[in-house]
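Heads up, the thing below is written out as structure tokens.
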Amino acid sequence: MEPHFFFTVLWMLLMGTSSTYAQEIFGYCRTPDENSGTCINLRECGYLFELLQSEEVTEQDRRFLQASQCGYRNGQVLEKHFCFTNVQICCANSRMRNQQPQWGNHPQPTQTTKPTKRSGTKLLPMAPNCGENFGDRVVGGNETTKREFPWMALIEYTKPGNVKGHHCGGSLINHRYVLTAAHCVSAIPSDWELTGVRLGEWDASTNPDCTVGKNGRRDCNEPYVDYPVEERIPHPQYPGNSRDQLNDIALLRLRDEVQYSDFILPVCLPTLASQHNNIFLGRKVVVAGWGRTETNFTSNIKLKAELDTVPTSECNQRYATQRRTVTTKQMCAGGVEGVDSCRGDSGGPLLLEDYSNGNSNYYIAGVVSYGPTPCGLKGWPGVYTRVEAYLNWIENNVRA
């Protein structure tokens, strides 16, 4: 196809609509024919990209491609002023991958054989040996300090051409495991490989991360550390094709044991009796991250935002307009214009500072699952997988 004709067709496709059917929700979307999909770059959706390159694009094809656009980038709809490389398309998961992704000649991580019940309890740290936060308490600050939330992880994917990128987040929970969302593991394009986890990061544009204090002295973190992933363990009942994204939780087992430091530490799991069946109404929770999703990123520097939790009934009523159901295994927070999970990562943590035996520690109350697009819409809280509901599953799937 001649390049001029190709871009003419692309222009016609994207000029035809100002609102798209395929709304992105943290990378999850619905195609015009009601299949589940992932909002990714047009070039990475093989069958739609091939369709666009065809010299015989029918009117029906054109309408389907228009309706497939899920192109929000930094809160802007991609219409008249767009860069081709930024065009986002809702690519059907059924067309991107088989039931299990095929990684070419790369060895596939295997599923864990279910250990003896609650075999991992002793492997998971308890307060005060987790959830320690060394950052300065800056109320209302958007950016974290260098040592805040040292359990935060960036998940690395290797794409065609050996191109690497971080498109999800996670949380370190012990020396070998990172907790994340199942959609970050199971609902990715078939030609992406989840290859690693980065720990000890703060500013993704520098290494090591340094700041200059008021006294003029330069203070630096230790360099970040990249760990290969040995095994990926999505929840077995995660239905990737469901609007409700139930059981959206996964574990990543790292190949090597993580060495703790002031910059790399685990977060606490919500094991306190007071945290049982609790969505923490009236309590402040914190979402943190770089704003990384499967299709976009917000910041090089780790961000944070303080949110209020939202009653499940109220959240359910809101998402019923999108034919979604929020269950007791999920929780909702945010809905404040311009804040919400725009500062969090897909798969990243929703954090609660709690107290036990005189100790103040951070606990992971939720895992970022989905929310409105663009993020931070007034009255639309983000939906999180409620971690306490999955403690048995976590404990049964970690091993030494």
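One is the number of the first residue shown, and numbering goes on along the chain from there.
The backbone N, Cα and C atoms fix where each Cβ goes, glycine too.
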Mind checking which of Cys70, Cys83, Cys90, Cys91 has the disulfide with Cys45 in Swiss-Prot?
Cys91
Of the listed cysteines Cys268, Cys315, Cys332, which one does Swiss-Prot record as disulfide-linked to Cys130?
Cys268
Name the residue from Cys29, Cys168 that Swiss-Prot records as disulfide-bonded to Cys90.
Cys29
What is the number of other Cβ atoms found within 10 Å of the Cβ of Thr206 (Ca(2+) binding site)?
15
Cα-Cα, whole number of Å: Thr206 (Ca(2+) binding site) versus Ser346 (active site, charge relay system)?
22
Nearest-integer angstrom distance between the alpha carbons (Cα) of Asp209 (Ca(2+) binding site) and Ser346 (active site, charge relay system):
23
Taking 10 A as the limit, how many CB atoms besides its own sit near the CB of Asp209 (Ca(2+) binding site)?
22
Nearest recorded site to His183 (active site, charge relay system) by CA-CA distance, among recorded positions Glu201, Asp248, Ser346:
Asp248
Shell list (Ca(2+); ref centroid = CB of Glu201, Asp203, Thr206, Asp209; cutoff 8 A):
Lys146, Trp202, Ala204, Ser205, Asn207, Pro208, Asn221, Tyr224, Asn300, Ile301
